[in-house]
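TrEMBL lists 12, 54, 55, 87, 88, 186 with the feature phosphate binding site. Sequence annotations record features per position, and here TrEMBL assigns substrate binding site to 185, 209, 210, 211. The domain 'Nucleoside phosphorylase' annotation in TrEMBL covers 5-243. What TrEMBL records for 167, 222 is site 'Important for substrate specificity'.
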Ligand SMILES: CSC[C@H]1O[C@H](OP(=O)(O)O)[C@H](O)[C@@H]1O
Ligand SMILES: Nc1ncnc2[nH]cnc12
């Protein structure tokens with residue numbers, strides 16, 4: 001049976017995974033530098049997990065400095081078949097209160113100045129991103145959350161902002177007019193890069209606050225986020241227990257969305273025109289097609 005090796009990217013409040021069997025720590029390097037922290041490998045319910053806290057183990061890395069390319073490349077090199085992101089987020093809808101788990105299915109990317117591709121001068125690629133999330137993994141995670149009695153919403157658009165400051169009231173109002181559901185600072189370019197590495201990616205956005213759009217006048221700050229984060233993190237842990245118990249018995253077939261073969265038609269630079277040094281770097285995420 002082909003097995004799942006699930007990469008878990010932990011966000012704010014999730015810096016380690018306790019209770020794994022056969023735990024190993026691996027300090028890795030990638031052609032894009034070191035990831036946010038050493039990888040922690042271990043088994044949960046017999047499923048291999050590879051855990052990486054995106055802000056570092058002590059939350060010393062702000063959103064704009066997260067080494068997104070190194071993180072995704074490290075998880076690819078570690079043999080992950082899929083990536084599940086677990087994030088804190090603000091809510092842009094009354095019906096998504098703090099404590100809610102949103103299985104993101106779309107993104108609007110308002111980040112600026114982050115390295116957002118493995119490809120570039122010397123080897124150009126354009127992968128499709130119309131459906132940026134692996135629907136199968138998102139559904140499995142939603143099933144697990146519901147089975148644990150967690151308040152889960154299937155689908156939602158995540159507005160990725162640069163930060164590190166939270167939004168102004170006018171920005172928050174604007175994003176609501178745009179129809180956005182939740183807001184955070186980290187899922188982009190992470191989701192883009194996972195796609196380029198042909199890794200099915202899904203994200204659980206756990207609501208910690210209502211951002212600053214409500215007429216009640218509250219505005220988000222770290223203290224209000226932290227107040228909710230701890231119970232959200234406990235819920236995420238229960239979800240993971242349930243999810244891995246399911247994955248243990250589920251043979252892993254190729255992603256139905258073709259994510260694992262998306263580079264077949266994405267690289268536009270013909271082999272003869274590729275820069276050998278660039279190609280060498282790309283091998284860590286795209287060896288299958290190079
Ligand atoms: C601590 S509140 C702001 C911080 O939390 C979220 O991070 P993550 O997605 O890694 O959980 C948000 O995106 C900000 O980076
Ligand atoms: N309101 C908010 N805006 C951006 N990132 C967040 N993370 C948690 N709450 C957030």
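Just so you know, the numbers here start at 1 and follow the chain as drawn.
Positions of Cβ are set from backbone N, Cα and C atoms, glycine also.
Curation does not apply to TrEMBL; its annotations are automatic.
Feature annotations (TrEMBL) mapped to structure.
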residue	record	DSSP (3 states)
12	phosphate binding site	coil
54	phosphate binding site	coil
88	phosphate binding site	strand
167	site 'Important for substrate specificity'	coil
185	substrate binding site	coil
209	substrate binding site	strand
222	site 'Important for substrate specificity'	helix
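You'll find the Cα of residue 54 (phosphate binding site) roughly 22 Å from the Cα of residue 211 (substrate binding site). Note on the recorded positions 87, 167, 186: the fewest other CB atoms within 10 A surround the CB of 167.
Screening the recorded positions 12, 167, 185, 186 for a C-beta under 6 A from any atom of ligand 1 leaves 12, 185, 186. Checking the binding-site residues 55, 186, 210, 211 against ligand 2, the ones with a C-beta less than 6 Å from an atom of that molecule are 211.
Counting only same-chain residues at least 6 apart in sequence, none has a Cβ under 8 Å from the Cβ of residue 222 (site 'Important for substrate specificity').
Neighbour counts of Cβ atoms within 10 Å were compared for the binding-site residues 54, 55, and the top value is held by 54.
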